[in-house]
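Novice: This is the structure, below, for whatever I ask next.
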Amino acid sequence: MSTTSADSVPTPADAGVSFLPLLFVNFAMVAGTYAFVTIAGPMARRMHLEPLHVGAIIGIVGLVWMIAAPRWGRAADTRGRLPAMRAVIGGFVASSLLLAGYVGWALRDGGSAVPPVWAGFVALLVTRAAMGGCYAGLPVAAMAWIADRTLATGRAAAIARFGAAGAIGMVLAPPLAGWLAGIDMTLALAVFALLPLAGLAGLRRLRDDGAHAARQAPPRLKPTDPRLRLPWCSAFALYSAVMIANSVLGFYAIDRLHVRTGDASMVVGYALGSAGIGLIATQSLVGRLRAVAPLQCLRWGALAGGAGFVSALAAEAAYPLLLCASYFVAACGLGAAFPAVAALASTRVEAHEQAACAGAMSMAQGLSMVAAPLAGTMLYELHPAAPFVSIGVVLAVVFVAACGDGARAPAA
């Protein structure tokens, strides 16, 4: 466990404005990711791509994330947290601009000269993979930087603020991207591609106190490390719950709540918007509650998240917007649990292992992006209620595990 003293390491709240550039960068990069997802459908139609192509283009991010995250962790250890973040931003902006440039070229002259489908698919797949590989490094390097500069008691609060910034980007990007795409699709992609550059200048004001101590870090930490077992498995369960619930929501609204196909997107949008509001509100609250232990946030956050998703089964055809309340409650729970697992993992490893720890934990998110949507659709084929029931069971297991003897950190 980290033994950094209170005198030498201020919390981000103590650091004041110096923490804001990190928050803005996370906001901007999450916004850029969700902006593309918003535009993907209309863009695919104009480029004659099939839904399967779009699914692969979006899904490639999770696979690349899982591979890239540990490597970014080693880079943050050997080169420093801030240099790694600058490389992340540069790579993300460059790959995003390449994507925007290709889309602009492909749709030139009103879309009268669209390239072959295979060319568009390959171009978008490669640029999206590059975007995902670069973005995977931001939470890794940022979590390590936060761990270098926070006490264990305030770490969950700092991570919650970082997460809340990303949640704001997740909520604001889709409507703004949709509005800009109505003017020009390439303009929308270019605006969100350049947005992270605004945070790059702010990173120059941050200090990288942990780099010199981290240069002797081990190559990597595995999820099977006894210290990381509970946080890693909990993170995988939490991220998978979100991916499963989101992947089947539209089908559930149409098949079980009898929402018209034309109205399903609106219902899904309202539900996910409610979830975004709940996520922002809870993470903002957790960001002010430094005294609350991460394990406590994990226990009750997982329980509330599971209850929220299971309560979606109580929504009736006459009141489909009750899904909004269910997803809001679930997001409030997960908004407390997400920073808790990151803080729990961080406090169980040594100071020189922070970036490797963040890389290992980030693998859980990448793996969930690949496995959870597939699992969700398979469960839905068995029974429309099965995905929500399985989420409730899995998050109940997380609650029990966090309450049990296994929740205690192994001796250093």
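Cβ atoms here come from the backbone N, Cα and C positions, even for glycine.
What TrEMBL records for 20-40, 52-72, 84-105, 117-146, 158-181, 187-206, 230-254, 266-286, 298-319, 325-345, 357-379, 385-404 is transmembrane segment.
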Novice: Name the range, of those listed as 52-72, 158-181, 357-379, that has the largest tally of Cβ pairs under 8 Å with the transmembrane segment (230-254).
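Specialist: It is 357-379 that shares the most Cβ pairs under 8 Å with the transmembrane segment (230-254).
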Novice: Short question: most Cβ pairs under 8 Å with the transmembrane segment (117-146), which of 52-72, 266-286, 357-379, 385-404?
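Specialist: Selected stretch: 52-72, with the most Cβ pairs under 8 Å.
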Novice: Would you say the transmembrane segment (266-286) and the transmembrane segment (84-105) are touching, if the rule is that at least three C-beta pairs must lie under 8 angstroms and be 6 or more residues apart?
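Specialist: Checked: the transmembrane segment (84-105) vs the transmembrane segment (266-286), no contact.
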Novice: Is it true that the transmembrane segment (325-345) and the transmembrane segment (187-206) have 3 or more Cβ pairs under 8 Å, skipping pairs fewer than 6 apart in sequence?
Specialist: no
Novice: Top stretch among 52-72, 158-181, 187-206, 298-319, 385-404 for CB pairs under 8 A with the transmembrane segment (20-40)?
Specialist: 158-181
Novice: Among 52-72, 266-286, 298-319, 357-379, which stretch has the most Cβ pairs under 8 Å to the transmembrane segment (385-404)?
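Specialist: Counting Cβ pairs under 8 Å, the winner is 298-319.
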Novice: Name the range, of those listed as 52-72, 266-286, 298-319, that has the largest tally of Cβ pairs under 8 Å with the transmembrane segment (357-379).
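Specialist: Checked against 52-72, 266-286, 298-319; highest Cβ contact count belongs to 52-72.
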